[in-house]
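For reference, the structure is listed below as structure tokens.
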Amino acid sequence: MMHFYLHNMSDTYAAANSMHVLQVDDRPLLDETVEFPDSRGPDSLTLTTTDRADSALDRLEGTAIDGIVAADNLPDRSGREFAEIVRERDSNVPVLLLTEPESVASDAISNGVTDVFRRDTAVARRDLLSNRIRLLVEHHRSTELASRTRQQLTELAEQSSELLWVFSGDWTEIQFVNSAYETLYGRSVESLQTSPDEFMTAIHPTDQDRVIQSMQRVSAGESVELEFQITRPDGEQRWVRAKAQPIVEDGTVARIVGASRDITERKRCESEHIAEIDRPDAPVDAVPDLFYELDENGELARWNDALAAATGYTDADLGPMSLTALFAPSDRETVRQGIETAFATGETSFEADLLTADGTTVPYEFTGGRITAADGSPLGVVGIGRDISARESRQQALEQQNKRLGEFASVVSHDLRNPLDVARGQLELAQIEHDSDHLDAVKRAHSRIGQLIDDLLTLAQNGETALDSEPVPLQTVVEQCWQTVETGDATLELQTSAVVRADPSRLRQLFGNLIRNSVEHGQTPHTERQDDAGEQRATTSLSQSQRPAADLTLTVGELDDGFYVADDGVGIPAGERDTVFEGGYSLASGPGFGLRIVDEIVDTHGWSITVTESDAGGARFEITGVEFETA
């Protein structure tokens, strides 16, 4: 098998300024090396020349070639025949055919030629020929980059335990699904791709009408979230929670993106809880969890068989034992405080390790409530304890998965940035030489890929690092962010000198995204809002026309228990303020992760964020629940 077309991507882009081209021509028009002096770097073509097709095929064996330029009339066979042989071995390598004036270009292209160039023109303008070759190679490399980007993002999606999917707007085509589908539904991804409606056959008959109605609502442009039962091929029934969001383009739902997860265990626990409530007179020994009753002194007065079974002690052993002796020494103070809370407030909830008779510790979650006499005096505490070993194991596994996801995202980001930077540089050169709307579209795509990489990396890493809170002056952080964000001629007004307790790095991310959101979207009228893959169109129109950046003013001020960021732009419609923090929401052409990142940072700090209208009619983001540092 021929291997001349198989390139290592990192090697290709590391040497992107040197393009290796095979020239097959008995009357070669280009020298061994062609320099491009107008380029910003040492951009050049390195040509290997042979006058016969067969010898060219021999040279291709095991040689990395970026492109081929071949004459149509070769001594041993036509250039078209040569192109057909090349195309049989590699469907991607670009082939430029030098044709005679009387040749028909369409015939050549149908024979596997990428593009044609008239020989008489090439003789007169060899610079045009070399530039055409360079453009073909750049297009070939961009195609490979796009393919690899999709592959890397697919691999990133495979790190998620949730079922991620993308359907066409009418649900007739599955455009993407990760392998979690096989785990949840017990069916193959291939079968779903062949029959996109296959998942409907798994839905329980009692839920099918409700699911169909929800699908119709999404196709009409509404986001939905619902729970339903499915039956796997092996007969096992599971509960699924699904979220679906429409992606609107030009007023039409083009795609539907969503995520589904298994909630069977949660439903089981809910059912057990309901069953216990429905049978208040059932003996406590029938309760699968630990049941306990404490007297007015906080010591054991009554318990069920589950407590004896879990600890390994007999009822005779448990009677005289102090309650705290049943717990690991490191958790005994937690238990004492939990009991005091129950007597003081009427209820309690805490986690502690139960210490068994053989010295083993088992993690439990305890809840309880105070019981009182008719006169209101406390009689004791009654409650249950639930083994949370499985939950903690899942949590540890999730933390490990998040760590791997963050590491994987960093690697993916690094692997994609290098070729993307090279592609951007090559595009700039191409735009200098050619004025084309297609190149503008490529530039926008490059920008979107870069922003998507940044946002995916931030989202992947946000949950894996603990907060490192310290006193942070808001004025200093805002001014730093204002210098690093592209703000144009927009104006900043600082109306706070507060010092808050926060993680400095996360706080900079928060302000950076809010400032970028105001500058990029605050001056865009709703009638011009666009959306693309992973974005939601804002459908409300305003009469306000687009304003220049110089007119935009962004204000950062202080609240009683927090701060706000406001602008005097077009604002966010009231009907959309509850959805702006959902992944994929965007008012322009960004990937729609900025405000989602803001929401995660706020949530990580234990704060709250709301969206309202500023005094000037623009957008105002209020962050509350913030701890201030006092002098």
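Using the three backbone atoms N, Cα and C, a Cβ is placed for every residue, glycine included.
Values in this document were obtained by computation on a predicted structure and should not be read as measured data.
Under the heading domain 'Response regulatory', TrEMBL lists 20-134. Taken from TrEMBL, the feature domain 'PAS' covers 149-222, 284-346. The domain 'PAC' annotation in TrEMBL covers 224-275, 348-400. Per TrEMBL, the feature domain 'Histidine kinase' maps to 411-624. Residues annotated as region 'Disordered' in TrEMBL: 517-548. Sequence annotations record features per position, and here TrEMBL assigns compositional bias 'Basic and acidic residues' to 526-535. Here TrEMBL flags 537-547 as compositional bias 'Polar residues'.
DSSP places the residues of the domain 'PAC' (224-275) in helix, strand and coil in these numbers: 12 helix, 32 strand, 8 coil.
Across the domain 'PAC' (348-400), the DSSP tally of helix, strand and coil residues reads 12 helix, 30 strand, 11 coil.
Helix, strand and coil counts from DSSP across the domain 'PAS' (284-346) read 35 helix, 10 strand, 18 coil. In terms of DSSP helix, strand and coil, the domain 'PAS' (149-222) has 41 helix, 11 strand, 22 coil.
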